[in-house]
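Q: Features from TrEMBL:
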{"type": "ACT_SITE", "residues": "E84", "note": "active site, proton donor"}
{"type": "ACT_SITE", "residues": "D231", "note": "active site"}
{"type": "ACT_SITE", "residues": "E325", "note": "active site, proton donor"}
{"type": "ACT_SITE", "residues": "E343", "note": "active site"}
{"type": "BINDING", "residues": "T429", "note": "Ca(2+) binding site"}
{"type": "COMPBIAS", "residues": "768-780", "note": "compositional bias 'Polar residues'"}
{"type": "COMPBIAS", "residues": "843-860", "note": "compositional bias 'Basic and acidic residues'"}
{"type": "DOMAIN", "residues": "626-713", "note": "domain 'PA'"}
{"type": "REGION", "residues": "761-861", "note": "region 'Disordered'"}
Amino acid sequence: SFVSLQEHAYPADELMPLTCRGRIRGQEPSRGDVDDALGKFSLTLIDTLDTLVVLNKTKEFEEAVKKVIKDVNLDNDIVVSVFETNIRVLGGLLGGHSVAIMLKEKGEFMQWYSGELLHMAKELGYKLLPAFNTTSGLPYPRVNLKFGVRHPEARTGTETDTCTACAGTLILEFAALSRFTGTSIFEEYARKALDFIWEKRQRSSNLVGVTINIHTGDWVRKDSGVGAGIDSYYEYLLKAYVLLGDDSFLERFNTHYDAIMRYISQPPLLLDVHIHKPMLNARTWMDSLLAFFPGLQVLKGDIRPAIETHEMLYQVIKKHNFLPEAFTTDFRVHWAQHPLRPEFAESTYFLYKATGDPYYLEVGKTLIENLNKYARVPCGFAAMKDVRTGSHEDRMDSFFLAEMFKYLYLLFADKEDMIFDIEDYIFTTEAHLLPLWLSTTNQTISKKNTTTEYTELDDSNFDWTCPNTQILFPNDPMFAQSIREPLKNVVDKSCPRGISRAEESLGSGPKPPLRARDFMASNPEHLEILKKMGVSLIHLKDGRVQLVQHAVQAASSLDAEDGLRFMQEMIELSSQQQKEQQLPPRAVQIVSHPFFGRVVLTAGPAQFGMDLSKHKAGTRGFVATIKPYNGCSEITNPEAVKEKIALMQRGQCMFAEKARNIQKAGAIGGIVIDDNEGSSSDTAPLFQMAGDGKNTDDITIPMLFLFNKEGNIILDAIREYEAVEVLLSDKAKDRATIFKGKTIPNYIIDSNLEMDNMDQKLSENDSQKQSSEETTSASQGVGDEEPEGGDSSDVAQPDPLSPAPAESDGVSASNQDSYVADSEASSIPEPECAQADNQPQEQKTDTESDSKANWDDKVPPMESILADWNEDIEAFEMMEKDEL
């Protein structure tokens, strides 16, 4: 992947692994806030610097540092995320500097190095400082690298809100920059932001919200959890204590941690709550970013809940191959994307370090196998567009090389495999390495305790150190297994009822007076109950009714709470009813030479023709372009189409008419390609092809829809190879299934990441595994079911499906006062497991213009897309193309 980055993407910020080119902001369709990480500063290269040294690739590191020094420009007229730029670019430069001076001291490499990366880090630090020009000290979420915030040409500075993690994940990088350079201003600004967030915590619950007004300090989103929007704020409080030795950071962390374990932790789940009413759950789903939390609990010393939550997450991964961006309390997919996030691998590494349990090596092996089976593509590893179908997105975020490779390598590496002692460093949230000796260097900030009003905490584990097998459970090697055992079937064989603790606390007492599922708009008694709860009913012109809650109009505060619960239930019920009428996305998998099933395209379903979900084998065949290309009249080249999968263009007639025409010509399936130039499933809602209003039972072949970008991948392959075979299915198939009974090329069989240490460690622990076979054996079966900041805070927005149909019950819900309605919330869990998967909502994107030139965006020919996928994690080298 690193070689692919150098060959196909440099100097772009990211590699697009499906099309083997660089992602350059302004030259690709905007992805909204996700693109705020891109600043035309060779993001992935900088983010990967210290990973190269961890993998003992010192020569490659030296060359990469020279490239960064020579080519990277930090003075671009471009608006970037302060949070992302800090953790990825500033952190990457500081991590690179840390390992560069370490290598120089060893005397073999980097002898020429004179702190150039640190100079660049200081330059970037000054470019971020204008964002802190607020009365609160909280930074603006975005800054223009050239013009700052308030400048007329800055194109930013009008924002009023930022996420808690965005403002609270600065102290490690800024303090390290101050300690390295002796310039105190950076650490001062980061401390001031942390101080402000602490002072604004909700005093009765000691929780913080997701977003905060940077001018007034008011909480904008008052839900609280350990996932998207808050996660790394907690992480940096604890790690700031480790790196800087300031007790106030530990005291704050312990106060928050007590609240998290009291309200948010519902083992093995971690569920968001309201900061003012922490016994009330804010949603019935969890986002994937909370997967970092077990690792943080290991660092804190609280290992039992870490094992429980990690095991629950692993069961979800075994069901879907990857961790969906969000999933419900009954473990159905809520948001289906997976951008190859590293948080679960991070927690796996820390749990193995703490317990020495070989089970976690097996977990790591599963992660590696899944990456190779399902994410590996011609030029690297592609994000999963939908974990249910196995379709890909042309995206490989910089954190994949910065974090995922690093944690997986360290999981299997022995001490002698490392050229330095990893214990001398602390990991930032982007897994960059900062030396612990910074705690005693350039202490320009006094260590006075600015924290006030601590709560007396009755929790003995605050005195623990990081647990390990010697001090925590020396006589019980089965300790971790005993915690995992009750959870091993939590996803597949149990169906938890998602009851909030507010309901639990009612016990056998009075229940809410009206449940959403019982509500009838024509029932006067129900309307009277709604009025008491502060809920009003508005009749819309189209015959539907809309529900709106104003908490101040409720008869009492308890009635207002009942109204809040009713509104949340109604939103979830309405959402579920919409989803039940939607079809899930499908997959088009290119199976012919030289792709062999590695490229999977997200396809829209049709409401007619063969239901691929009921024909698990799918439809496989070579593709052929029809004449006329729009398929709106009798096919004139039936000999070319017979027994083939027909390709046609969208437009000029109904989809059902196209299907009938190609079926008559003898086609076994059809793919409609969007005629809207540049359209892509990366940025558009998934399209669902409707019938023509007539009976379509006569259509028996499968029909799928591809956007223009995905369709062009097939058309380009035809131009290059002529004979292109595809598989139309409900989800991508394993290559062993595709080639069952056929000869599989050797380099496909051997295309796993070859990590000698992994196999060696697993074999070394054979005796231990035999004594605890149930611990190390993986549960069977993979199911086919189914956040603002970045890395740890920026959950990629859900990929939307077809627009929701009209609501069958004619009721829509909104809530305009104390409760911020979450329209993406999942369905209310019922006693029996529901089968329908939650579908995401449509994502809005903005465009950003940027005129910087001298970036080569030339699209390479198809043969360059055939980069070999048999690269080795240790060598990062690719086979010669003629071996394909």
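Backbone N, Cα and C define each Cβ position, glycine as well.
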Q: I need the most crowded of these active-site residues: E84, D231, E325, E343. Count other C-beta atoms within 10 angstroms of each C-beta and give me the top one.
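A: The largest 10 Å Cβ neighbour count belongs to D231.
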Q: What is the number of other Cβ atoms found within 10 Å of the Cβ of T429 (Ca(2+) binding site)?
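A: Result for T429 (Ca(2+) binding site): 30 neighbouring Cβ atoms inside 10 Å.
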Q: Sorry to bug you, but what's the C-alpha spacing from E343 (active site) to T429 (Ca(2+) binding site), rounded to the closest Å?
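A: Cα-Cα, rounded: 9 Å.
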Q: Summarise the domain 'PA' (626-713) as counts of helix, strand and coil residues per DSSP.
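A: Each residue of the domain 'PA' (626-713) counted once, the result is 20 helix, 15 strand, 53 coil.
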Q: List only the single closest residue to D231 (active site), chosen from the active-site residues E84, E325, E343 by CA-CA distance.
A: E343
Q: If one measures from the C-alpha of E343 (active site) to the C-alpha of E84 (active site, proton donor), what distance in angstrom results, rounded to a whole number?
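A: Here the two Cα atoms lie 16 Å apart.
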Q: Pop the Cα-Cα gap between E84 (active site, proton donor) and E325 (active site, proton donor) into the table, whole Å please.
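A: Cα to Cα, E325 (active site, proton donor) and E84 (active site, proton donor) are separated by 19 Å.
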